[in-house]
Amino acid sequence: MRITNTLTGKKEEFVPLQPGVVRMYVCGPTVYDLIHVGNARPAVVFDVFRRYLEYRGYRVIMVQNFTDIDDKIINKANQLGVDPKMVADTFIAEYWRDAHALGIRPANFHPRTTDFVDDIVEIIEKLVERGYAYQTKTGVYFDVRKFKKYGELSKKRIEDLIAGARVEVDETKNFPLDFSLWKRAKPGEPCWNSPWGEGRPGWHIECTVMSVKILGESFDIHAGGEDLVFPHHENEKAQAEALTGKIFAKYWMHNGMVRFLGDKMSKSTGNIFTVREAVKKYGRDGLRYMILSKHYRSPMDFSEDLLSDYSKAVRRVWEILRRYESNGVTGIPKRNTVYEEYVNRFVEALDDDFNTPVAVSILFELAKNLSKSMEEGDQENALLFYHLIRREFGPVLGLFDLNEERREVAGESLLGILIEVRETLRKEKRYDLSDWIRDRLRENGIILRDTPSGTEYSVE
């Protein structure tokens, strides 16, 4: 297996630190709003990567954090006039609702920043003792010039860097790029006791501490969106390696950004399309298929029209599966040369820097062959193709492996029948019943539109 390591900029053979075990950390959301498709991309990508590692026989220990104290959470709480913890608790619950709808398997650990404050304080103290951090009247900062490998991950030199949009401006700092480890409390903000007075952790130290405490001083994979390479991941790496003197993460994986309406999808700009809306309108597998059809390191353009096309393609596969399952699925296929050929192609694709577009295309090829085998009465191959879709490759990709989409297909079929009944009633001028059907559907979020070419519907 070979993956592109952001640290080296090269495609490298993947060799875990401990044979047979993979320890990985994926940066999770800051919980102050519903997650959008941009947030869904790393969630889906690294959910599937974890599944594939398990398919290949590794035991995976996966950590995905929740940042549950942050300026954005505090600002949201102030806007709503509620406690910041209520904001975080609410949107962690909403995250799980959306993650479940999207078929994201829980990680082994989902730590919250606020559960690790004592550990964070302890590690900041060690960084201060070792000369990598210093105190000012506004808090504690990491001295980037003391860490000689700063910029190694992002390929940036300190001499070329200037304070940018995500670098805190503070005249009390020794150097503009020094970043906050501990923020002195402001009136009305959540705070904790520390040797430097009441305050709260900086953003970057949170992930360093949670990953080191759970996975150890060195682990295999650190992953997230490419927008996190600098400053977040660069700063995480600097803190951890200054603390331990060891390599923090052996491999760094980063997914490309999602572009929507010509720009990066981002909550801070309001340029978003929520996962909840996407799944409700176009289905779980439609969104997962869209994400996996692009190589994880490439940028991904998003639009409703594109998502609609992916959703339609998924529904065609579900219709093939439904036809096969309607006759009752029994038996286990033979492990023949056709089976071996497909497994080899699937593994070859995902072993090559996690090439999900090729892996997904194999799944759709199998669906086409399943349909053809049913038409030809080839029961042996039909069972084999079905098995590979539903029982083997589908569960790795998180596609066609649950029954929720079948219920969606059944729901659409039922809706089509209701529309036909309503059209018949209208032709018979039985408007009381036809209007009753229309109104009941509207109450359930389905809007009917009568056009010259027939009745169309949309989902609110």
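All positions are counted from 1 along the displayed chain.
Glycine too: its Cβ is placed from the backbone N, Cα and C atoms.
Quick look at what Swiss-Prot lists:
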BINDING   Cys27, Cys207, His232, Glu236  Zn(2+) binding site
BINDING   Lys267  ATP binding site
MOTIF     29-39  motif ''HIGH' region'
MOTIF     264-268  motif ''KMSKS' region'
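Remark: secondary structure over the motif ''HIGH' region' (29-39) totals 3 helix, 2 strand, 6 coil, with classes taken from DSSP. Across the motif ''KMSKS' region' (264-268), DSSP assigns 2 helix, 2 strand, 1 coil.
Highest local Cβ density among the binding-site residues Cys27, Cys207 belongs to Cys207, counted as other Cβ atoms within 10 Å over all protein chains shown. Across the motif ''KMSKS' region' (264-268), mean pLDDT in this model comes to 81.
In this structure the alpha carbons, written CA, of Cys207 (Zn(2+) binding site) and the residue listed as 'ATP binding site' are 21 Å apart.
For His232 (Zn(2+) binding site), the same-chain residues 6+ apart in sequence whose C-beta sits under 8 angstroms from its C-beta are Cys27, Trp203, His204, Cys207, Gly224. Under the three-state DSSP scheme, Cys27 (Zn(2+) binding site) falls in the coil class. The residues near the Zn(2+) site, meaning same-chain residues not in Cys27, Cys207, His232, Glu236 whose C-beta sits within 8 angstroms of the mean position of the site's C-beta atoms, are Trp203, His204, Glu206, Thr208, His222, Gly224, Leu228, His233, Asn235, in sequence order. In this structure the C-alpha atoms belonging to Glu236 (Zn(2+) binding site) and Lys267 (ATP binding site) are separated by 23 Å. For Lys267 (ATP binding site), the same-chain residues lying six or more positions away in sequence with a CB closer than 8 A to its CB are Tyr32, Asp33, His36.
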